[in-house]
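Trainee: Sending over a structure as C-alpha cells; questions will come in a sec.
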C-alpha cells in the first residue's frame, strides 16, 4: 500500500498558538476603535470571512450547504458561534481586555458540562472542582460590591458597564462551549471551510438584522478606525482558520492548554498598548481560571489517551 505522509509533530499546537496571538491582536484593535458598535464590528468580520472562505469552498468543491444529515449542526454552529463573537466583542469594549479574555477561558469547564449533558461524556468530582475554581475566578474579576464593597478598583468606566460586560463574556463563553460540542459531534465529516462559511453567513444575517433594530449602523468617520475594522476582519479570519484546523489535527486537551497563551498575550498587550495595569484581583482570577481550564483539558486528554490504548489492546 501507499505510505501515509508523516504529520509534522506539534503542528496543531503551533496553529493554536498562532490563533491565540491573532485573536489577541484583533481584540486590541477592537479596544482602539471609537464609536462603532460591537455588532457592526462583527458584521465586518463576517464579510471578510465570507470573502476569503468562498474561494476555498469552490476549490475544494465542498458545496455551500454541506451533507444533509449535518446541516442542522452546521446551522447551530453558525448561530452559536456568531452569537459568541458579538457578545465577546461587546465585553471587550466595556471592560478591561485582560478581564474579558480571562472569563472566556472558562470555556473548557462549560464544554465538559455540556458534553456530559449532550454527548454523555463522564463528569467527575474533579470536573466539579474545576467548575468551582472557574466560578471563583469569574467572581474575582467581576468583583460584585456585596462582596468587595462599594469602592471597586481597576475597572474601566462605571461598574454597571463592567457587570454587563461580565455577563456578556459569560454568555459568549457558554455559546462558544456549545459550538465546540457541535464541532466534536460533527467531527471530520465536514470540511472546516464549510464550518466557517456557516459561521460567517448566519453571523452576517443576524448582525444586519440587529443593526437595523438597534439603529446603530454607521460608517466610522476616522480613517484609523476603518483600518482597524479591516485588520480585525483579517485577524479574526486567520485565528478562526488556524483554531479550526488545530482542532482537526490535534487532541482537544493540548489545544485547550495551549490556548491559555491568549491570557498571556492579553495581559502583555493591555500593559504595553492600553496603559492599563491589571489588578491583583484580575491576576488571582486569571490563575483560578487558567488552572481550571488546564486541569479540565488535562483530565479529558488523559481519559482519551487511556481509551485509545484500551481499544488497541
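The first residue you see is number 1, and the count goes up from there.
Glycine is no exception: its Cβ is also placed from the backbone N, Cα and C atoms.
Feature table excerpt (TrEMBL):
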type: DOMAIN; residues: 11-142; note: domain 'EamA'
type: TRANSMEM; residues: 12-30; note: transmembrane segment
type: TRANSMEM; residues: 42-60; note: transmembrane segment
type: TRANSMEM; residues: 72-92; note: transmembrane segment
type: TRANSMEM; residues: 98-118; note: transmembrane segment
type: TRANSMEM; residues: 125-142; note: transmembrane segment
type: TRANSMEM; residues: 162-184; note: transmembrane segment
type: DOMAIN; residues: 165-293; note: domain 'EamA'
type: TRANSMEM; residues: 196-214; note: transmembrane segment
type: TRANSMEM; residues: 226-244; note: transmembrane segment
type: TRANSMEM; residues: 256-274; note: transmembrane segment
type: TRANSMEM; residues: 280-298; note: transmembrane segment
Trainee: What stretch, picked from 196-214, 226-244, 256-274, 280-298, has the most CB pairs under 8 A with the transmembrane segment (98-118)?
Mentor: 280-298
Trainee: For the domain 'EamA' (165-293), what's the mean pLDDT in this predicted model?
Mentor: 82
Trainee: Per DSSP, how many helix, strand and coil residues does the domain 'EamA' (11-142) have?
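Mentor: Computed counts for the domain 'EamA' (11-142) are 110 helix, 0 strand, 22 coil.
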Trainee: Apart from its near flanks, which chain residues at least 6 from the ends of the transmembrane segment (42-60) lie with a Cβ under 8 angstroms of it?
Mentor: 82, 85-86, 89, 191, 193-194, 196-197, 199-201, 203-204, 207-208, 211, 229-230, 232-234, 236-237, 240
